[in-house]
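For reference, the structure discussed in these notes is given below.
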Amino acid sequence: MDVSELLDSLNDKQRDVVAAPLQNMLVLAGAGSGKTRVLVQRIAWLMKVEHVSPHSILAVTFTNKAAAEMRSRVEQAVGGNVHGMWIGTFHGLAHRLLRMHFQEAKLPQAFQVLDSDDQLRLVKRVVRALNLDEKRWPAKQMQWYINGKKDEGLRPQHIETHYDPTEETFVKVYQAYQDACDRAGLVDFAELLLRAHELWLNHPILLQHYQQRFTHVLVDEFQDTNAIQYAWLTMLGREQGKVMIVGDDDQSIYGWRGAKIENIQRFLKDFDGAQTIRLEQNYRSTANILNAANKLIANNNNRLGKDLWTQDDAGEKISVYTAFNEIDEARFIAGRITEWQKRDLAASEDSLDDVAILYRSNAQSRLLEEALLQANLPYRIYGGLRFFERQEIKDALAYLRLINNRDDDAAFERIINTPTRGIGNTTLSLVRDAARSMEVTLWRACQTMLINQELKGRSAKVIRQFIELIEQLEDDSINLDLDQQANFVIQHSGLKAMYQAEKGERAEARIENLNELVTACQTFEMDPELMEEQSQLTAFLTHAALESGESQADEYEPAVQLMTMHSAKGLEFKLVFIAGLEEGMFPSQQSVEDIGRLEEERRLCYVGMTRAMEKLYLCHAESRRLYGQEKYHSPSRFLKELPGEYTEEIRLQNQVSRPKSSGRFSNTISLETFENSGFKLGQSVLHQKFGEGVVLNYEGNGAQSRVQVNFADVGSKWLVVAYANLTAL
Ligand code: ATP
Ligand code: MG
């Protein structure tokens, strides 16, 4: 690519950025305006035109995947490889620095990075070693505290406790945890950033080396940087006028994890001579999608303010689908994807990779996964585990498996110490050895060892308690329905309490997932052919194992992308579905009372909507069984914030939606057929939850047949006749 080509594909504003003189620069612009593209082109420009060596360039992105993509795009643009250039996440770059300067960073050469689960386990051990009550000082909360302090750049000795005993205990745990890490050569995620920062603070010569080396520093998604990342960047580049950041305050969605939108304005103050350039043309989405998203975000206060327009056609309207429940929602989405596949895929180069289903919480994926499987659509969960692979789900399933089959060694291993029972490695090794020499399973080995009194003292006691727990769980739950059995086991195994004690977003998600497992049991239908052969529990466990083992598309197969809106940041897809737009789901229940959190939810919705290029579906369900309970939610306020001119409503799957103007009684079946089903228009009916109402309308046939009832208390609702259990009055 020659130089003019580098600029040809850009608009004037974008060109200003790409070809700007060396200076500190903020590119502030809305979604899809080409921020990431401009950043890539800028790197190519620096190399091709300014003859900057790749060795002198440092670029920061938000995920490792984005970093890999940026590298390949730059290589494409310059037509060669870019060895020596540093591209990565803040964590990845900090890690590299620490590896290179382990001695200065006072780390052993072979230091290990601790992932979040390992970190939690270590914190737990520390809490116990300090003889603190684990209930009063839950490890998860400690972990949250430690990471929070590290993100702010604080070591234990920097923290002012003001003699507050609680704070003092926190600091004590932080210190003891840090000592344990240092002894073992372990570095957690937050420590990577903090240590890299300290490395430079304590070694000015090293800092100077990197300041001289990196003559160009570029940061994407800047709105989600935290305090320590900002500090690190400041040290590297503040005075030399070489930092270019791109970001969008409207897309700041990690406030809950310490990200600070204010860093954008701080940048303008702190970095010498920083210039702001705004990009205003959106190239991603059709006008309907873009205008609707603009209107939505306009409901937030204190925005830095940006105009965003597109030359694109209006395009199709945004479809808003009101599902009668969550299963209907999932089937609708799968149905629309199948249609799109038949109609558009055949005629173009598009692939299923161009389709994304976005949701607020990971627990929502299960039903969507099921519907996609049924529709034979390959899918991939992006940046997360499939439902049945998640830690808490595997824990709960392991209990059920062991209850079902005592010889399931994998299940035994998984839960023998989950929640912690104080069964040490020595005891476990004894059990494993015994099992091996007797050629029996772990469970049998335990029983034999107890009988022969081969286990002593505390070991004998805790192993016996575990055996009794499993026996008791089986006795107490054997006659329950499957969902009640699962619920009972989750409660009485101690799993729920363990996860409840963890606190924080992640813990909440785990509890949600556990409740969702109960729902999965509730709605699980056995293969009628196999009813005789196996119990419901066995059938369900097989179902879970198969689901987790095989259904995900392999890496190279085109597949529908499933992900949370958080992980969709920066990405784009032709066809996008957002599921679960209901009050209490999205915005989430916890956010509706706090204006700050509500605005962050709205930004998240803005991020979700602006992923769509050609067609956007927004779905909500009138009733939803989630987290083990059936709830009736009203449509999300975000739906109401979208002007009607950009949206159209769809009511029923596989049938033409009725134009609103065609009158009340336009139907797909005859009145006679409908009335044969036992209801008449205008008839009074009683519903268990909604009370009394009057039948207004009907549609669909057979199992699909639905009635619209105007209820005195809750207004008008569409209900499936087969499920609604209406009594004629
Ligand atoms: P986000 O805020 O979501 O990260 P962004 O501002 O980084 O979005 P990009 O992903 O860089 O936007 O660009 C959005 C889409 O518009 C991409 O497909 C990109 O290739 C395209 N695009 C950007 N600028 C132009 C241009 N001048 N001409 C044609 N297409 C463009
Ligand atoms: Mg981007």
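Note that Cβ sites are derived from N, Cα and C of the backbone, with glycine treated the same way.
Automatic, uncurated: that is what TrEMBL annotation is.
Annotation comment: TrEMBL describes 8-286 as domain 'UvrD-like helicase ATP-binding'.
In the three-state DSSP assignment, the secondary structure recorded for A29 (ATP binding site) is strand. Long-range Cβ contacts of A29 (ATP binding site) within its own chain (separation 6+, distance under 8 Å): K35, V246, D248, R278, L279, E280, K306, L308. Summarising the annotation, TrEMBL assigns ATP binding site to A29, G30, A31, G32, S33, G34, K35, T36.
Per TrEMBL, the feature domain 'UvrD-like helicase C-terminal' maps to 287-570.
The average pLDDT for the domain 'UvrD-like helicase ATP-binding' (8-286) in the predicted structure is 91. Listed in chain order, the extra residues whose Cβ falls within 8 Å of the Cβ center of the ATP site residues A29, G30, A31, G32, S33, G34, K35, T36 are D248, L279, N282, R284. Proximity of the binding-site residues A29, G30, A31, S33, K35, T36 to ligand 2, judged by a Cβ distance under 6 angstroms to any of its atoms, singles out K35, T36 in sequence order. Cβ neighbour counts within 10 Å, taken over all protein chains shown, single out S33 as the most crowded of the binding-site residues S33, T36. The secondary structure of T36 (ATP binding site), as reduced to three states from DSSP, is helical. Taking the Cβ of G30 (ATP binding site) as centre and 10 Å as the limit, one finds 25 other Cβ atoms among all the protein chains shown. Closeness to ligand 1 is met by A31, T36, these being the binding-site residues among G30, A31, T36 whose Cβ falls under 6 Å from the molecule. The Cβ neighbour count for K35 (ATP binding site), using a 10 Å radius and every protein chain shown, is 25. For A31 (ATP binding site), applying a Cβ distance below 8 Å and a minimum sequence separation of six or more within one chain yields D248, D250, Q251, N282, R284, S285, A293, L308, Y606, V607, T610.
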